[in-house]
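Chemist: Let me begin by handing over the structure; questions about it come next.
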Amino acid sequence: MENKVPMVSVGGLTMPVIGMGTASYPPADAATVKSAVVEAIGSGYRHFDTAFIYGSEQALGEAIAEALNIGLIKSRDELFITSKLWCTCAEHDLVIPAIKTSLENLQLEYLDLYLIHWPLKFSKEPSRIPVPKEEVSVIDIESVWSAMEECKLLGLTKAIGVSNFSTKKLDQILSFAKIPPAVNQVEMNPLWQQKEMKEFCKAKGIHVSAHSPLGSKGTIWGDNRIFECDLLEEIAKAKGKTSAQVCLRWVYEQGASVITKSFNRERMKENIDIFDWSLSWEELDKISGIPQHKRSSLTVFIEDGSELEAEL
Ligand SMILES: NC(=O)C1=CN([C@@H]2O[C@H](COP(=O)(O)OP(=O)(O)OC[C@H]3O[C@@H](n4cnc5c(N)ncnc54)[C@H](OP(=O)(O)O)[C@@H]3O)[C@@H](O)[C@H]2O)C=CC1
Ligand SMILES: O=C[C@H](O)[C@@H](O)[C@@H](O)[C@H](O)C(=O)O
């Protein structure tokens with residue numbers, strides 16, 4: 001299939017506006033992730049999102065090797081690969097070893113984008129989930145960011161950015177960064193539209209990437225609300241599309257990139273088929289009025305996560 005996915009400029013790189021997520025719950029086995037990624041490459045995906053904590057780096061690396069082997073792609077450079085620094089390594093001296101571990105897992109020499117996963121640090125390997133609050137603190141962003149900058153200067157990644165950062169935290173980074181964050185990857189979908197974040201990032205030249213664009217259906221941190229939203233279904237029906245496609249197209253029309261996960265062949269094809277039609281002003285206006293509902297995985301994974309969230 002011809003790759004007709006639009007590209008966006010991010011930190012001096014071009015990035016396909018849709019990326020395939022590789023986080024799943026319960027975590028899929030390596031063979032499932034590998035075959036889903038190979039299938040996705042065959043369907044035109046060129047952008048993949050992983051993280052140390054997902055446990056999917058190895059399988060993604062194997063899929064890339066396989067795609068090269070069977071000639072689906074000619075060179076690794078045709079792909080855009082993102083990984084993320086986990087909270088147990090969110091301190092200056094642990095960042096370079098962490099990205100090297102991710103690269104080793106992926107069998108790659110460089111990442112395209114390396115993100116700080118959360119503005120949080122775990123003092124040790126969490127003793128349980130939800131992580132006890134005494135094991136969690138707010139990241140020392142200045143020292144961690146300088147190590148992220150070193151990752152880029154060393155050529156371990158082409159661009160650096162953050163994830164789940166508030167505008168307040170972004171402002172902090174911008175006050176000292178030699179290399180500003182290229183991306184903030186945040187939850188964004190018609191039920192959590194990120195209007196303020198979108199305006200802030202536009203003004204500061206930071207690209208917004210949307211994770212959970214379908215509400216992370218099927219995971220313990222997600223829900224099915226997107227698929228139960230009558231308005232989205234109504235719009236989808238009228239256009240001969242699905243609610244998922246309407247959501248993904250909506251994110252794209254906001255100027256954000258879309259990171260969505262499907263390991264199902266038909267749905268991954270459906271999800272990438274959003275670039276030759278558009279939403280009307282009237283439809284966009286109706287979506288803009290949907291009551292907002294933030295669904296944060298912090299409250300699932302961290303004890304008193306909502307209190308902590310207020311600090312971030
Ligand atoms: N930075 C961060 O903190 C976070 C990053 N992420 C990243 O973003 C990616 C996407 O987010 P994620 O939480 O996975 O959730 P999504 O919002 O992309 O939803 C994925 C779920 O929806 C299902 N699905 C996918 N396409 C369709 C469709 N067309 N119709 C119906 N159901 C569909 C999938 O099932 P199936 O596979 O069976 O199709 C899966 O259960 C993650 O994989 C991860 O890479 C996610 C959360 C947080
Ligand atoms: O342990 C915590 C979880 O992994 C969570 O914070 C992340 O996995 C997040 O939901 C994501 O998918 O990026």
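Start at 1 and count along the chain as shown; that gives each residue its number.
Positions of Cβ are set from backbone N, Cα and C atoms, glycine also.
From TrEMBL, here are the annotated features:
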type: DOMAIN; residues: 18-288; note: domain 'NADP-dependent oxidoreductase'
type: ACT_SITE; residues: Y54; note: active site, proton donor
type: SITE; residues: K84; note: site 'Lowers pKa of active site Tyr'
type: BINDING; residues: H117; note: substrate binding site
Chemist: Hey, what's the Cβ neighbour count for K84 (site 'Lowers pKa of active site Tyr') at 10 Å?
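Modeler: Looking across every protein chain shown, the total is 27.
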Chemist: Could you state the whole-number distance in Å separating the C-alpha atoms of the residue listed as 'substrate binding site' and K84 (site 'Lowers pKa of active site Tyr')?
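Modeler: With the alpha carbons as reference points, the distance is 5 Å.
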Chemist: Cα-Cα, whole number of Å: K84 (site 'Lowers pKa of active site Tyr') versus Y54 (active site, proton donor)?
Modeler: 10
Chemist: Need the DSSP three-state call for the residue listed as 'substrate binding site' to compare against my parser.
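Modeler: SS state of the residue listed as 'substrate binding site' = coil.
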Chemist: What are the non-local neighbours of Y54 (active site, proton donor), defined as same-chain residues 6+ apart in sequence with CB under 8 A from its CB?
Modeler: T22, A23, S24, P27
Chemist: For K84 (site 'Lowers pKa of active site Tyr'), name the DSSP secondary structure in the helix/strand/coil scheme.
Modeler: strand
Chemist: When the pLDDT values for the domain 'NADP-dependent oxidoreductase' (18-288) are averaged, what is the result?
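Modeler: That stretch averages a pLDDT of 97.
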